[in-house]
Amino acid sequence: MTVLPPGSTIGILGGGQLGRMLAVAAAQLGYNTRVLAPDAESVAAQTASSFTRADYHSRIVLDEFAAACDVVTYEFENIALEPVEYLAGKVPVHPAPAALGIAQDRATEKAFVETIGGRTAPWAAVATLDELKAAIDTIGCPAILKTLRLGYDGKGQVRIAAPGDAEAAWQAIGQRPAILEGFVTFSHEFSILLARSPDGSTVSYPPPWNEHKDGVLDRSTLPAPAEIAAQWDEAAELAGRIAEALGYAGILACEFFAGTDGPVFNEMAPRVHNSGHWTIEGANCSQFENHIRAICGLPLGDTGLTAPKVVMDNLIGHDADRWAEILAEPGAHLHLYGKETRPGRKMGHVTRLLRD
């Protein structure tokens with residue numbers, strides 16, 4: 001890959017907080033950014049060099065966007081695959097559209113990971129109520145019914161406690177194609193954040209222990225407990241195989257359960273990830289900077305911790321109203337995303353560097 005020098009333009013598909021923080025990291029390295037998103041209130045537009053408000057499916061817009069960019073990336077995986085593939089025919093796109101296509105389909109994702117030796121929870125693809133009932137007979141209960149596509153932060157998911165819950169669960173997800181996942185025994189949830197360059201070089205971050213509330217990430221803590229540390233190498237090795245198989249460039253996030261027999265793959269995100277926000281202050285080189293480095297062909301940065309302990313807490317809804325209190329804390333680093341406050345909405349995060 002040709003190294004893109006500072007002054008080049010990076011296109012970002014998506015206008016959320018991940019795009020916002022990518023634009024900041026790009027600016028620190030001397031790059032321009034151009035955000036494309038349909039939302040007039042795009043928070044990424046507040047930090048980008050330029051902003052195009054338009055639908056992702058307009059060929060005229062995509063042609064103009066490609067012509068203005070030296071490389072394109074995306075900040076969320078629920079964008080339609082077709083416009084990303086179209087752009088890839090005109091300008092380098094990282095991560096490659098193939099990674100996006102796999103991550104958008106839970107059944108395809110599970111099958112792909114299994115083919116390269118990953119361990120997953122028991123699962124079955126279901127397209128009808130009868131298929132769901134048959135899958136419950138095979139996998140058992142409790143289980144989780146997840147829509148095949150879309151859904152994040154616990155959305156598009158229903159817990160099935162007993163076989164009699166099948167019909168209500170099927171109705172709850174809108175009778176859409178889905179997968180049924182059996183429960184696994186685990187001690188903790190964690191993630192692997194891997195940065196990979198087009199030349200195949202990689203670095204990975206220490207794995208955070210991730211705690212969730214109502215399906216949404218609440219806290220990430222490092223160093224992780226011993227149960228996670230014991231599975232770090234195996235999980236990171238699987239993430240590396242996934243990235244290699246996809247010819248990946250950028251940050252790849254893989255979420256795992258610390259199972260009794262080793263790490264159990266949960267899902268992947270072909271982008272920077274909420275469980276890596278701690279890296280802005282808590283690592284020598286943040287996930288956002290390493291993503292920019294990777295897609296521009298620059299040397300990858302060091303992923304070591306900057307403090308003995310790092311804790312990142314999401315600020316949900318009115319949690320962000322505590323901004324003054326947080327700013328008064330020694331060692332606390334506040335990030336607000338510039339959004340209108342709504343219940344359940346990710347409004348920001350705070351990372352605490354603890355030295356005692």
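Glycine residues also receive a Cβ, built from the backbone N, Cα and C atoms like all the rest.
Features of the protein shown, as given by TrEMBL:
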type	residues	note
BINDING	Arg106, Lys146, 151-157, 181-184, Glu189, His212, 266-267	ATP binding site
DOMAIN	110-296	domain 'ATP-grasp'
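According to DSSP, Asn266 (ATP binding site) is assigned to a strand segment. Sequence-distant neighbours of Asn266 (ATP binding site) (same chain, 6+ residues apart, CB-CB distance under 8 A): Ala121, Glu189, Glu255, Phe256, Phe257. Per-residue pLDDT, averaged across the domain 'ATP-grasp' (110-296), gives 95.
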